[in-house]
Amino acid sequence: MQDKPLESDHSGLVDVRNGTRIFDSATEPALPFTSLRMLKLVSLVLLTLQNAVLILVMHHVRTREGPMFMATSAVIVSELFKLLTALAVIFYCEADRNIKKFIWHLQENIVNQPMDCLKVSVPSLIYIMQNNLLYVALTNLDAATFQVTYQLKILTTALFSVIMLNKHLSKEQWASLVVLFTGVALVQLQPDNKPHKATSSEVEHNPLVGLAAVLISCLMSGFAGVYFEKILKGTKQSIWLRNVQLSVLGVVIGAITMLVKDGEKLWAKGFFYGYDYLVFIVILLNSFGGLLVAVVVKYADNILKGFATSAAIIVSCVASIYIFDFQLSLQFTTGALLVIVSVYIYSKFVPALLNKAEVITDKKSVQKI
């Protein structure tokens, strides 16, 4: 479940973390109105499904009966998928499908620049920790509560962007962040939000542990995304080379994490213990979700992205009622509606870029897929 900071609409590239329009795309060929409308519709459906299905399936595989897979191993497999995807794109698009050029390209930009890789190790470490925490959160929270609470990543990313990158938010966006925090607080302060003792056929869960995992994950998501954006500015490496660095380091850090946390279980039961097709679906959705979103929203505006996020919250809530016997309360419904409204407002009221220099600087404002 990764944040997608750079997405493009028909009027320019947009940083979806803070809604900043990056550059004007007037030079891009325009699509016919009918095709553009169809692309927007497809984008809305795919974005909503991506946001909702991943959370629902991940919650299911973490709370069902039967052998439980190691979250640390799933994070490693996800990083391997991302690594292979990035290498494939580099081979076909940057190395012109030439093996010698491909190897030279990687050696010149990665192997021969160890200090550059060291800088990337910071967000790589944070991403691994964040992804492990998401599994902890979805083990201890229902899917609907997690979906609402995880929107706090908008708040943390906005704050880190303002502090570290001097980003500018509109007054409406600042107001929406207050509404967002209020909505999440209402959801988390429900009177029935208490630890649940599991029966023999259930996985025990503790909402306080889940809440702590989400909050820490949101902080990590915001900081890592903005830190990575800061690294990308002014560097010659492409986003795909950066993703190779992130994924290679992620596999190494993930392996160390797995040995420390699940070493005994790993040696006793094996790396793929508890895996089935649903676990692989979760891993694939988590791995390629960012790439999917980046592709399908090329001609979808930032408002649509916010609408899709809001729709995903509704889908998660409705699905949780029928699949996980989730019970809607007035307090949860009020909090969820506040979050939905805040996401829409944050996406709609985008401040204009201050000057042309900011356009050029922010053109590389992208994040790990």
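From the backbone N, Cα and C atoms, a Cβ is placed for every residue, glycine too.
Residues annotated as transmembrane segment in TrEMBL: 41-61, 67-93, 174-189, 209-228, 240-260, 272-297, 304-324, 330-347.
Proximity of the transmembrane segment (41-61) to the transmembrane segment (240-260) is not established, fewer than 3 Cβ-Cβ distances being under 8 Å for residue pairs spaced 6 or more apart. Among the recorded stretches 67-93, 174-189, 240-260, 304-324, the one sharing the largest number of Cβ pairs closer than 8 Å with the transmembrane segment (330-347) is 174-189. By the Cβ criterion (under 8 Å, sequence separation of 6 or more), the transmembrane segment (67-93) is not in contact with the transmembrane segment (304-324), since fewer than 3 such pairs are found. Outside the transmembrane segment (304-324) by six or more residues, the chain places 7, 9, 16, 40, 43-44, 47-52, 55-56, 59-60, 63, 142-144, 147-148, 151, 297, 336, 339-340, 343-344, 346-348 with a CB less than 8 A from a CB of the stretch.
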